[in-house]
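Presented below is the structure to which this report refers.
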């Protein structure tokens, strides 16, 4: 339940900020534009911080399947709990998107003229810029998630100045501002399969149809799902190989 609420908050703040910024560019929605790409970065950063604050006391505070799988691989998180965590995370993404969509339903209708297209689907799920190749999309998500997991491991490393639960959300806030400002433009920096798949599933049911899944040869599975999972695995390998001094790592040869 904590992972569900954490991801729901993440999407409410992140997708909500995206809706306000993009939809307000239409004069029929708002008399003036309300924000910029930085506003969207802040929305996702506030979402990850509040999601972590709410969930850390009751769960591990992963609110990201890539983090959950990474922690199971490198820090002994029980594999038997992974499916339940991921289910809660994806459901949280679905519900968070549904709530934001309900809040901005009329604005979306005005912006789209009654139709449902990628222009507003991208407010909830990630879609790469047209010039990006398949390999470039994969690498962008892989790199961003590797960085995310390296920092996440460091923040929880007792041998490397681990933060208390109270400070962890603030550190994640700074991290997400940085990820958005440096690696967010080209693919929308999903770095979290639940934050993309949950809202994408909702979009398919809310009138956007199968186009959200058919986009760029099933982009939805290999860029915002597979790439983050593998990116977290690579980040964990690098951290445990070169930095980690604990005895609970599967990398024993150091």
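Numbering starts at 1 and runs along the chain as it is shown here.
Glycine too: its Cβ is placed from the backbone N, Cα and C atoms.
Positions annotated as transmembrane segment by Swiss-Prot: 4-24 (among others). A Cβ distance under 8 Å defines the sequence-distant neighbours of the transmembrane segment (4-24), meaning residues of its chain 6+ beyond its ends; these are 30, 32-37, 39-40, 42-44, 46-48, 50-52, 54-55, 59, 61, 63-64, 88-93, 95-97, 99-100, 103-104, 107-108, 110-111, 120, 122-124, 192, 194-195, 198-199.
Residues or ranges marked as topological domain 'Extracellular' by Swiss-Prot on the basis of a curator's inference: 25-36 (among others). Long-range contacts of the topological domain 'Extracellular' (25-36) within the same chain, counting only residues at least 6 positions beyond its ends with a Cβ under 8 Å from a Cβ of the stretch, are 17, 107, 110-111.
Marked as transmembrane segment by Swiss-Prot: 37-57 (among others).
Per Swiss-Prot, topological domain 'Cytoplasmic' is recorded for 58-81 (among others). A mean pLDDT of 93 is what the model gives for the topological domain 'Cytoplasmic' (58-81).
Here Swiss-Prot flags 82-102 (among others) as transmembrane segment.
Within the chain, the topological domain 'Extracellular' (103-134) has long-range Cβ neighbours (under 8 A, six or more residues past its boundaries) at 11, 15-16, 18-20, 22-23, 26, 28-29, 97, 140, 185-190, 196, 199-200, 202-203, 206-209, 211-212, 215-217, 219-220, 222-224. The topological domain 'Extracellular' annotation in Swiss-Prot covers 103-134 (among others) and rests on a curator's inference.
As annotated by Swiss-Prot, transmembrane segment applies to 135-155 (among others).
What Swiss-Prot lists as topological domain 'Cytoplasmic' is 156-160 (among others).
What Swiss-Prot records for 161-181 (among others) is transmembrane segment, and it gives sequence analysis as the kind of evidence.
Counting residues 6+ beyond its ends, the topological domain 'Extracellular' (182-218) has Cβ neighbours under 8 Å at 7, 10-11, 14-15, 37, 41, 44, 63-66, 86, 89-98, 101, 116-118, 121-122, 124-129, 132, 134, 136-137, 140-141, 143-145, 147-148, 224-225, 228-229, 231 in the same chain. Sequence annotations record features per position, and here Swiss-Prot assigns topological domain 'Extracellular' to 182-218 (among others) based on a curator's inference.
The feature transmembrane segment is assigned by Swiss-Prot to 219-239 (among others).
As annotated by Swiss-Prot, topological domain 'Cytoplasmic' applies to 240-254 (among others), with the evidence given as a curator's inference. Here the topological domain 'Cytoplasmic' (240-254) is broken down by DSSP into helix, strand and coil counts: 3 helix, 0 strand, 12 coil.
Between the transmembrane segment (135-155) and the transmembrane segment (219-239), three or more CB pairs separated by 6 or more residues in sequence fall under 8 Å, so the two stretches touch. Sequence-distant contacts of the topological domain 'Cytoplasmic' (240-254), counting only residues of its own chain at least 6 positions beyond either end whose CB sits under 8 Å from a CB of the stretch, comprise 73-76, 153-154, 157-160. Between the transmembrane segment (37-57) and the transmembrane segment (161-181) there are at least 3 Cβ pairs closer than 8 Å, counting only pairs 6 or more residues apart in sequence, which means the two stretches are in contact. Counting residues 6+ beyond its ends, the transmembrane segment (82-102) has Cβ neighbours under 8 Å at 1-12, 15-16, 19, 59-60, 62-65, 68-69, 72, 108, 124, 193-199, 201-203, 206 in the same chain.
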